């Protein structure tokens with residue numbers, strides 16, 4: 001009898017340690033998501049240069065969606081995991097599930113819009129980009145990112161369309177742990193699984209892959225063009241022309257920006273693809289996927305909500321500078337230098353019948369100087385820059 005009591009006590013102690021470790025991990029994930037996404041939103045609101053970049057409107061809206069996930073969805077899921085019971089009633093379970101689907105879908109829609117914005121900026125002429133990405137169109141795209149997901153979240157879930165034909169399976173799953181506790185179980189039938197997964201993940205993912213492929217091809221073509229210009233300049237003059245130097249810089253800037261967004265998209269797909277693949281497969285194998293696998297894949301997706309801000313900090317120079325200014329209490333070292341002194345008119349130069357002049361601020365020997373640069377006619381170079 002004493003041996004049995006000792007085993008029971010040992011198991012309870014092990015479970016207590018497990019719960020402490022699990023709670024600590026989930027708390028770190030939630031806190032990281034809240035603080036990181038708040039930092040992104042504050043950075044864009046305070047930094048005038050970040051507000052001028054149209055892509056950042058989508059990034060702020062994406063950060064807001066991730067912030068809502070970390071505040072309205074993740075804490076209740078963490079409490080359910082630690083306490084091994086859902087104590088908030090069936091109606092709030094439906095609301096929480098609807099918010100989960102809504103915000104997850106909104107996140108990937110935002111990433112799709114960001115990829116389309118970068119496609120028009122890098123692969124099209126500047127005039128085409130300005131005509132395509134007008135303030136009205138940006139507002140409509142942002143509205144669509146929030147409104148369209150409601151048709152696969154609140155509407156079908158509140159109406160119970162997702163559980164038609166599988167109510168008995170759901171009831172068994174709710175009480176599978178013990179007779180005195182229930183879980184907030186979200187299971188879907190075959191029609192809803194296919195519709196939700198295709199709309200929320202597979203179609204946007206395909207659009208993003210196509211957009212970034214075209215960006216990669218365009219960047220490669222312009223890299224070859226600039227290399228040819230540099231070789232031609234080297235044969236005629238020993239010193240590289242400002243046009244070639246600035247064109248190369250702008251091309252590299254846009255290419256790095258595209259790579260940054262590709263990394264963000266890749267991390268999103270890595271985090272959410274296992275869930276969406278399982279979501280579409282499970283109904284066709286009689287719901288035999290273990291609950292532990294579902295939970296692991298779901299929280300892998302939640303981790304993405306706290307991952308994007310750190311990707312911006314490490315891969316984007318403008319965001320990194322804005323973060324440092326906020327965290328270091330407006331330290332003057334991290335602020336952009338103003339252009340001081342009187343400006344001298346820049347001389348114009350004609351290349352292939354087109355005249356282009358640009359004044360820029362550069363660092364030279366620890367001092368900031370205003371200089372003139374010649375810009376090349378290129379859809380990649382002329383696209384709206386993302387400072388990386």
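Using N, Cα and C of the backbone, Cβ positions are placed for all residues, glycine too.
What Swiss-Prot records as N-linked glycosylation site, among 7, 180, is residue 7. Topology note: residue 213 and residue 324 share a membrane side (same topological domain name in Swiss-Prot). Swiss-Prot assigns the feature transmembrane segment to residues 258-283, out of the candidate ranges 232-257, 258-283. The Cβ of residue 279 (serotonin binding site) has 24 neighbouring Cβ atoms from other residues within 10 Å, across all protein chains displayed. Three or more CB pairs closer than 8 A are found between the transmembrane segment (20-44) and the transmembrane segment (291-314), so contact between the two stretches is assigned (pairs 6 or more residues apart). Under 8 Å from some Cβ of the topological domain 'Extracellular' (284-290) lie the Cβ atoms of residues 166, 169, 173, 187, 190, 278, all in the same chain and six or more residues away from its ends. Every protein chain considered, the tally of other Cβ atoms within 10 Å of the Cβ of residue 93 (disulfide bond) stands at 20.
Residue pair residue 100 (serotonin binding site) / residue 184 (disulfide bond) shows a Cα separation of 12 Å. Across the range of the topological domain 'Extracellular' (284-290), the DSSP-based residue counts are 2 helix, 0 strand, 5 coil. Beyond the ends of the topological domain 'Extracellular' (79-92), by six or more residues, the same chain brings 19, 22-23, 26, 177, 181-184, 295 to within a C-beta distance below 8 angstroms of the stretch.
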